[in-house]
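Heads up: the structure comes next, in C-alpha cells.
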Amino acid sequence: MLKIRNMKLAVYGKGGIGKSTTSCNISIALAKRGKKVLQIGCDPKHDSTFTLTGFLIPTIIDTLQSKDYHYEDVWPEDVIYQGYGNVDCVEAGGPPAGAGCGGYVVGETVKLLKELNAFYEYDVILFDVLGDVVCGGFAAPLNYADYCIIVTDNGFDALFAANRIAASVREKARIHPLRLAGLIGNRTVKRDLIDKYVEACPMPVLEILPLIDDIRISRVKGQTLFSLSSSEHDSSLLYICDFYLNIADQLLTEPEGVVPRELSDKDLFTLLSDFYYTSGQTIGQNSDGFGKGNKNHETATSSEINFSVPDFFL
Ligand code: ADP
Ligand code: MG
C-alpha cells in the first residue's frame with residue numbers, strides 16, 4: 001500500500017457544482033484504500049459532511065462560541081464525528097452573515113484540530129471549500145493543502161470560477177508547495193469546453209462524471225453512493241463508485257499536477273465565446289448537459305449566450 005501521510009487536499013468549485021458530493025465520495029474511496037481520512041467542510045452552509053454522517057453536525061465555530069473560545073474545554077468528540085466508512089468529519093462553520101471572514105474560521109478550525117492533536121493524525125485531510133470567487137479568506141485552505149482539486153461542469157460560469165481558483169493556486173504556490181491535481185468534470189457528458197479550457201490553461205482532467213439521478217437521490221437520502229450501494233445491495237451503483245475510486249487512486253500516486261497559469265478574463269471570454277461562435281453547435285444549458293431542459297435537450301443558440309462579448313475588453 002502506498003505510504004501516504006498527511007496529504008492535504010482542497011476541493012474548490014462554483015457553488016452547487018457538486019463539491020461536497022464529490023468530496024464525500026472521494027473521502028470514502030480513500031478510506032476504502034486503507035487511508036485514515038478527515039473531511040473538513042469549510043462552507044458556511046455546513047452541509048459538506050451530511051451524506052457521510054446523515055445529519056448536520058455541530059460546527060467548530062458554534063462549539064467554540066458556546067465555550068467562550070476556551071480551547072481547553074473542547075474535546076475531540078465535541079467536533080469530530082465519525083461518518084460512513086470510518087471517515088472522520090468536521091464542519092468549520094461560517095462567520096456571521098455579512099461580517100467576519102471565512103479565512104478566520106478555517107484558521108480557528110486548524111488551530112483547534114492542532115490543539116486536539118488531530119491535525120497530523122490523518123493520512124489524508126480533505127477540505128471542502130466554498131469557492132465561487134476565491135477571496136483571500138476562502139483561499140485559506142490552500143495555505144495548508146498539497147493539492148487543489150477543482151470541480152466544474154462544461155459551462156462558462158463554472159470554468160470562469162475554475163480559472164479564478166487556478167489563479168489562487170498559482171499565487172499560493174509561490175510561497176508553499178501547492179499543486180493543482182486537476183479538474184473533475186461533474187454533471188456533464190459533454191467536455192468540449194473543458195477540453196478547450198485545459199488546452200489553453202494546461203492541467204489534468206482527473207475524471208468526468210455525468211448527471212446521474214442516483215447521485216441526486218443519494219443526497220436526498222443523506223447517503224453517499226458507497227453507503228447506498230451497500231445498504232440497498234444495489235450493485236448497479238458500483239459503476240458510480242468506480243468514478244470516485246479512480247480519482248482516489250490517482251491522488252494516492254501523488255501526481256505531479258501543475259502550477260497553473262490562469263487565463264486573463266479577456267482570453268477566457270474570447271476562448272469560450274469564440275468556441276461557441278465557430279463550432280456551429282447549438283448549446284444546451286451551457287453545453288454541460290445540466291440544468292433546466294436537460295431531460296428534453298432544450299437548446300439555446302450562441303446569440304442567446306450573453307457572455308459572448310469580447311468587445312467588453314476593448
Ligand atoms: P456544492 O457542494 O458544490 O455546493 P453539492 O455537492 O451540494 O454542491 O451538490 C449540489 C446538488 O447537485 C446536490 O443535490 C447533489 O446531489 C447534486 N449532484 C452533485 N453531483 C451530481 C451528479 N454527478 N449527478 C447528479 N446530481 C449531482
Ligand atoms: Mg457543498
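Numbering starts at 1 and runs along the chain as displayed.
Just so it is clear, glycine is given a Cβ too, placed from its N, Cα and C backbone atoms.
Among the candidates LYS36, LYS45, LYS172, the one that TrEMBL lists alongside GLY16, ILE17, GLY18, LYS19, SER20, THR21, ASN186, ARG187 as binding ATP is LYS45. Remark: of the binding-site residues LYS45, ARG187, the most isolated position is LYS45 (fewest other Cβ atoms within 10 Å of its Cβ). For ligand 2, none of the binding-site residues lies close by, meaning a CB under 6 A from one of its atoms; the full candidate list was GLY16, GLY18, CYS101, CYS135, ARG187. The distance from the Cα of CYS135 ([4Fe-4S] cluster binding site) to the Cα of GLY16 (ATP binding site) comes to 18 Å. Cα of LYS45 (ATP binding site) to Cα of CYS101 ([4Fe-4S] cluster binding site): a span of 14 Å. Within the group of binding-site residues (GLY16, GLY18), the Cβ with the highest number of other Cβ atoms inside 10 Å belongs to GLY18. In the three-state DSSP reading, CYS101 ([4Fe-4S] cluster binding site) counts as coil. DSSP classifies SER20 (ATP binding site) as helix under the three-state reduction.
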